[in-house]
Amino acid sequence: MARPRPREYKAGDLVFAKMKGYPHWPARIDELPEGAVKPPANKYPIFFFGTHETAFLGPKDLFPYKEYKDKFGKSNKRKGFNEGLWEIENNPGVKFTGYQTIQQQSSSETEGEGGNTADASSEEEGDRVEDGKGKRKNEKGGSKRKKSYTSKKSSKQSRKSPGDEDDKDCKEEENKSSSEGGDAGNDTRNTTSDLQKAGEGT
């Protein structure tokens, strides 16, 4: 079947949008929000139903929804596709919320990190919406934790008695406790010689 000649679209038109590596996806021609990056010449801002992601596509990759519903409107196991088919039928006016979330995230970063759990969830939502249809950047971007060394310091400090100021005495006490069967879970300095001694005793 021959492709239709590219045509003009206006904000609010419902279409199937084709991106490389994805099926023809239910989408809407979006209006540009104020302060947004202007699209390249002859490209339209597209809002994808189901994933709520955006992209800029030319008219050759857009197909009118009503005309192509029978051809491209079949359910698909791709994540977000079936939700998109439902949304384009039942809630075609759904708004893109990621732009507002990204704005809130950038303003909270300039104020300083508060460690608020609500901020973390909005960060993940903002990261999901950045790269267009299914290509999600840093979906778990904020979930990695930096190693904390304060817990080791505090455990060593708790072993010191208030009268001890000499580090040698403290280290000797720690070595004695580990070799005499002290709490091995807290002391990770078991050397290979300690392990060899234990192996020879059996």
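Using N, Cα and C of the backbone, Cβ positions are placed for all residues, glycine too.
The compositional bias 'Basic residues' annotation in Swiss-Prot covers 134-159.
Sequence annotations record features per position, and here Swiss-Prot assigns compositional bias 'Basic and acidic residues' to 168-177.
Per Swiss-Prot, the feature domain 'PWWP' maps to 11-68.
As annotated by Swiss-Prot, phosphothreonine applies to Thr110, with the evidence given as similarity to another entry.
For Ser121 (among others), the entry in Swiss-Prot reads phosphoserine.
Per Swiss-Prot, the feature phosphoserine maps to Ser122 (among others).
Residues or ranges marked as phosphoserine in Swiss-Prot (evidence: a large-scale study or a structure entry): Ser161 (among others).
As annotated by Swiss-Prot, region 'Disordered' applies to 90-202.
Residues annotated as motif 'Nuclear localization signal' in Swiss-Prot, with sequence analysis given as evidence: 135-147.
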Mean predicted confidence [pLDDT] for the domain 'PWWP' (11-68): 92
Per-state residue totals over the domain 'PWWP' (11-68) - DSSP helix, strand, coil: 7 helix, 21 strand, 30 coil
